[in-house]
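What follows is a short report on a single structure.
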Amino acid sequence: MAIPGRQYGLILPKKTQQLHPVLQKPSVFGNDSDDDDETSVSESLQREAAKKQAMKQTKLEIQKALAEDATVYEYDSIYDEMQKKKEENNPKLLLGKDRKPKYIHNLLKAVEIRKKEQEKRMEKKIQREREMEKGEFDDKEAFVTSAYKKKLQERAEEEEREKRAAALEACLDVTKQKDLSGFYRHLLNQAVGEEEVPKCSFREARSGIKEEKSRGFSNEVSSKNRIPQEKCILQTDVKVEENPDADSDFDAKSSADDEIEETRVNCRREKVIETPENDFKHHRSQNHSRSPSEERGHSTRHHTKGSRTSRGHEKREDQHQQKQSRDQENHYTDRDYRKERDSHRHREASHRDSHWKRHEQEDKPRARDQRERSDRVWKREKDREKYSQREQERDRQQNDQNRPSEKGEKEEKSKAKEEHMKVRKERYENNDKYRDREKREVGVQSSERNQDRKESSPNSRAKDKFLDQERSNKMRNMAKDKERNQEKPSNSESSLGAKHRLTEEGQEKGKEQERPPEAVSKFAKRNNEETVMSARDRYLARQMARVNAKTYIEKEDD
């Protein structure tokens, strides 16, 4: 049964003490008997009965709560509504949700514009390449995809839109219009009723302006006098606009003209000021000059002439006022004219200054670039001159150093050759074993030389032959020079020496004839300068042949 006066809905239950079931201690011996089974069954039945009773009770409570309020158990929907109200009341969350990007739209537009410009550049590049080809591939078929056709169509539409926008801007822009046709078209549309007449017009604006009340100052001009002044100003403006050469005329005028105009205006002012004072002084002097008797006589006349004098005085005052108004008008017109002229001159001067400044700003970077270029050219020429002078001095110094060293080397080499030839002859004469050993070495060297010749290119072989011939010619010349030098001693010694030489030459010729043609070898002992030089030449020839045969290029070390 439900407890009367119980609340329903979202009610937090109070913490109740949990009832722990009492656990029965097992028996000491641990023997489970039949009595224990019976007790456990009865306990389980009691528990189930208690649960059923509780379920019935809760069902009854639920039914009663629903009967009182149908929305008692709608917890989720109520909670969601509460959260929505919180979010609506919190402005920060609303700003976070409705927040839109500030800059991404402009960036995306800029990206699209750049893409279009890039496509236009690529098309121009392709067009140039086709022009360079000069119709080589006109016979070939051109394959165009549907996407490319679509892109071309879109581009043509965009170009048409841009042209329309440019034409509209040119029509609406006043600076781009050549005549007043656009203005008259607007007037016609307004008259017909296609366009609405603007609310604010010049008349309404003029009527809205309140006229200033005169405050009684002497410098102020009345409203009547203001109208002719405005007319004069308008006339002067029209004259200035009609005369296009007025600017040059104003510039050509000297300071003398300005002084003349100022003197005229000052004279007019002095006349205006002096006229009432002179009239007043003249009237007083006449009164003072009269005697008292005359005053008595004139008193009777004064009444008769009073009306006349008063009328004349009024006329004078009217004339004086008219003169003052005219002078003031002239003064104001002159002043306005001078102001306009000065402002026009000032505008011209400022325009010239701005024009000159603009030209100077444009000329500055050009002059700077020209100076930098001239400095670079001058530096290059100077460096070249310095470099050429240094090279010439270096070459001279090297030549001066090499000349004496070359002379000394030649002398030393010639001496060494002579000594070596002497030693060699003595060895040949004294030792036959040395000759046999040298023959063997020469044979081995000649065989190696032939192998190298076979391996080397035909160019190197031809060079080797030519060098061998030169070497043999030099040897003969050296032998002849030695013979001439040895003929100078006494006749007895010369006769004996001649016989000895003849015998030696005969022996050497026989030996040379006995030697095979391979006797001359590149590996023969290098005992003089000629043989050393020929070996160098052969080595260089072999290197050149190898370089020519190579398919690649080796990097040269500095």
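Each residue, glycine too, has its Cβ placed from N, Cα and C.
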Item to check | Candidate annotated in Swiss-Prot as phosphoserine, out of S77, S146, S255 | outcome: S255
Item to check | Record-annotated phosphoserine (source Swiss-Prot) among candidates S222, S248, S374 | outcome: S248
Item to check | From K86, K120, K281, the one Swiss-Prot labels SUMO2 cross-link | outcome: K281
Checklist entry - So which of K97, K199, K253, K439 shows up as SUMO2 cross-link in Swiss-Prot? => result K199
Item to check | Candidate annotated in Swiss-Prot as phosphoserine, out of S201, S254, S521, S534 | outcome: S254
Checklist outcome for this item: The candidate from S33, S40, S354, S495 that Swiss-Prot records as phosphoserine is S33
Next on the checklist: With respect to Swiss-Prot, which of the residues K84, K116, K210, K224 bears the note SUMO2 cross-link?
Outcome noted: K210
Checklist outcome for this item: DSSP puts the residues of the region 'Necessary for alternative splicing activity' (106-170) at 53 helix, 0 strand, 12 coil
